[in-house]
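I have placed the structure first, in the form of structure tokens, so that the comments after it can refer back to it.
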Amino acid sequence: MDSNPGADQAVAPIVEQALRTAMSAGWEVRGTTSPNPPVGAVIISTSGEIVGTGATQPVGGVHAEVQALADAAGKTEGATAVVTLEPCRHTGRTGPCTQALIEAGIKDVLFLHSDPNPSAGGGEQVLVDAGINVVQLPSPEGVPDALIPWLKSVQLRRPHVTLKFAQTIDGFTAAADGTSQWITGEMARDYVHADREHRDAIIIGTGTALIDNPSLTARYPDGTQREHQPRRVVIGRRNIADAGDAASNLNRLGFEQYATIDEALAELYATGARDVLVEGGAGLASGFANQGLVDWLQVYQAPLLLGEGISVLAHPLTNTLKGASALCPRAASGAGR
């Protein structure tokens, strides 16, 4: 076993290409695999060619390694498997991926992340005991990693939370009269819908539900619905089911309501959600932030000035600069206005 991320095999061009391909495959299935992780896998033949690619299928379907092995049928003996997550060793709805790799005659297994799940982890040692060379790879630069939210969720025993909001350049999410449509442009809104498709749930507060009457669906620019739809979740004590026309879209499409943030996150995690998007409003955003429950921020900033208006957070987090929450920027890009 060689768990040194700097091993020569880890930096071979074909291995880096295979890892990037595997990460891309995992990225594409985000939102469709929970509670299982969105894993990608690639098979490299003995001649050094990529001959199989796979990704985790929805619950009950095959795991990434099994799909990649099937894609590489007849070319797996002595081959190398490159996987974004340590292969599982447990039997659930499907058999252990370690056994599938062993039976396929795989010689080397290169993986990116260790599996923190006690029931599934430990696959590395199973493979080593079977005589397979195992190497843990370093993360390549500039490649989105679909597993980060899932890994964080397993660690925290709650869904990974991204707080999303749009704001003017002076920090307001709506004007003083309450108008907010639209701070951002069409390109940004299209991106939001594409992102929603890859989330397990979209969360809003009762105020947003009653004021905006949102659908919380993932749609294409022409208005048609995308293939995967996240769960629609409302947090708060006002009864949305009895709100009539004020919340007609949610009542037509169906939604879940929980009284508190803690109750919502506990039930969402228990029922398989691992990656959720909080879309507002200011009171709910404050609640998540004050409880230290925001893992990522997704901010759309428009080149607009208001001077006054409704802030992102309804309640302060601190009254001193020393108490401010320090953030670590991950990426920035343009998305129109």
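Note: Cβ is positioned from N, Cα and C throughout, glycine not excepted.
Taken verbatim from Swiss-Prot:
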DOMAIN    13-124  domain 'CMP/dCMP-type deaminase'
ACT_SITE  Glu65  active site, proton donor
REGION    158-337  region 'Reductase'
BINDING   Ser180, Arg196, Leu216, Arg219, Glu279  substrate binding site
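Annotated features, which come from Swiss-Prot, shown on the structure.
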| residue | record | Cβ contacts under 8 Å, 6 or more apart |
| --- | --- | --- |
| Glu65 | active site, proton donor | Val39, Ala41, Gly54, Ala81, Val83, Pro87, Cys97, Ala100, Leu101 |
| Ser180 | substrate binding site | Ala166, Thr173, Ala174, Ile310 |
| Arg196 | substrate binding site | Ile202, Leu216, Thr217, Ala218, Arg226, Pro230, Leu277 |
| Arg219 | substrate binding site | His193, Gln225, Arg226 |
| Glu279 | substrate binding site | Lys164, Phe165, Ile202, Ile203, Ile204, Thr208, Leu216 |
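Cβ neighbour count for Leu216 (substrate binding site) (all protein chains, 10 Å cutoff from its Cβ): 24. Confidence for the domain 'CMP/dCMP-type deaminase' (13-124), expressed as mean pLDDT, is 94. Taken residue by residue, the domain 'CMP/dCMP-type deaminase' (13-124) breaks down under DSSP into 33 helix, 23 strand, 56 coil.
According to DSSP, Arg196 (substrate binding site) is assigned to a helical segment.
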